[in-house]
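Pulled from TrEMBL:
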- 45-81: region 'Disordered' (REGION)
- 46-64: compositional bias 'Basic and acidic residues' (COMPBIAS)
- 65-78: compositional bias 'Polar residues' (COMPBIAS)
- 166-186: transmembrane segment (TRANSMEM)
- 168-430: domain 'Major facilitator superfamily (MFS) profile' (DOMAIN)
- 206-224: transmembrane segment (TRANSMEM)
- 236-255: transmembrane segment (TRANSMEM)
- 288-309: transmembrane segment (TRANSMEM)
- 329-354: transmembrane segment (TRANSMEM)
- 402-420: transmembrane segment (TRANSMEM)
Amino acid sequence: MSNLVRDAPLGQLIRWATNNRLLQYPEERPDFELPASYNLLLNSSGEKHPEIHRHPSAPRERTRQLSQSTDPRSSTDLTPDLEKAETQLAPDEEENATVQLTRTRSRLDTVPYTEERLEVEAELALERTQTKPIVPAKTSDGTVLVDWYTTDDPENPQNWSDKKRFVVSLIICLYTFVVYTGSAIYTSSELGVIEKFGITATDASLPLSLYVLAYGMGPLLWAPLSEIPIIGRSPVYAATMAIFVILSLPTALVNNFAGLLVLRFLQGFFGSPCLAVGAATMQDMYSLLYLPYALVAWVSAAYCGPALGPLISGFAVTAKGWRWSLWEILWAAGPIFLVMFMLLPETSTPNLLLRRAQRLRKLTGNARLQAQSEIDQKHLQPATILVDAIVKPIEITVKDPAILFVNVYTAIIYGIYYSFFEVFPLVSPP
């Protein structure tokens, strides 16, 4: 439980306020000992040690040899992932002569949804139940790439307990449910808005339309930000949800229609990280064996929100007035934000390893200890983020007919889905 709080925004705030004296990481405790494999690589100078290149440009033949040396099946059974890290395991005490290389991470470039993928993930799940030291890779320039210490390292989200992963998944699902409920919950207030501001029924539907438009646009910004190693997912969740809660107050109190439109758009925009990053958080924690179950729960929360929104607000609006649907957004979002602030940890592996590398450098004073994500981040430019966020999605949509079809199909389904909420008053007038 302490680790859950430590990695949450509240825990990070406490650590900052106490200069890391409370809620310490293992590397910050007096009894911490740097793994022997790290000492060996750091203290070596000219000796030759096995190196594994973790770059997309690594020779394909080298990766094929690694695959053949670690898997008893033929080379056609496993397709190497040139963009993922190969992980080197420390030999057992009885096997000091050779260093075995094997993949311990959960992302292998096998064919999805096949028996081969299932077998590989089952082997990985079994390997995580064993405690095997992981030898970090050393690049040609002497940089030691910080990795998990063991195959069952408790800091690795893939190794978290079922209870911890369930708590995090539940928070993400509730967060998603609240934000998506905030879209259609407004529809019960449309007649009151028409009477209050003297507008047409078409105009009264704009607060719903702008909310949906905004949480469709938000992922273009929040998704790339959450993938930047120095930022991670948790700060994006906490910061945007805090703004969402704050915006809910003036939205419920606004006295002009233009202000209502602007605030509803901003609500949708700052609530959109659940759509942009929710699935990525699930993928951080669950292997492909169990990821579909987590995604089903998350998608169900997303689709149940708009469906239940009018039901939740209908009785309150009838009894107390049109503003009550907007107040309910605040009442639901506030407690969820507090839970997220106190209990939602970081799940991004690049971010976790980057921070581990920073702690190890502070402990040892050795600048050669770096995370792969840290190295990649040095070459990241704002223009690159902008291109990835704005240009790449459009380019992929235009160049790939399959993506174009799925996007158009999804847009039509969304349009039909939300049009239901507008026609209910026409079919069953109050």
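Including glycine, each Cβ sits where the backbone N, Cα and C put it.
Heads up, TrEMBL stuff is auto-annotated, nobody curated it.
Taking every listed stretch (166-186, 206-224, 288-309, 329-354) in turn, the largest tally of C-beta pairs under 8 A with the transmembrane segment (236-255) is reached by 329-354.
Long-range neighbours of the transmembrane segment (288-309) within the same chain, counting only residues 6 or more positions beyond its ends whose Cβ lies under 8 Å from a Cβ of the stretch, are 106, 112, 117-118, 121-122, 125, 169, 172-174, 176-187, 274-275, 278-279, 282, 417-418, 421.
Here the transmembrane segment (206-224) sits against the transmembrane segment (166-186); at least 3 CB pairs are under 8 Å, leaving out pairs fewer than 6 apart in sequence. The predicted model assigns the domain 'Major facilitator superfamily (MFS) profile' (168-430) a mean pLDDT of 90.
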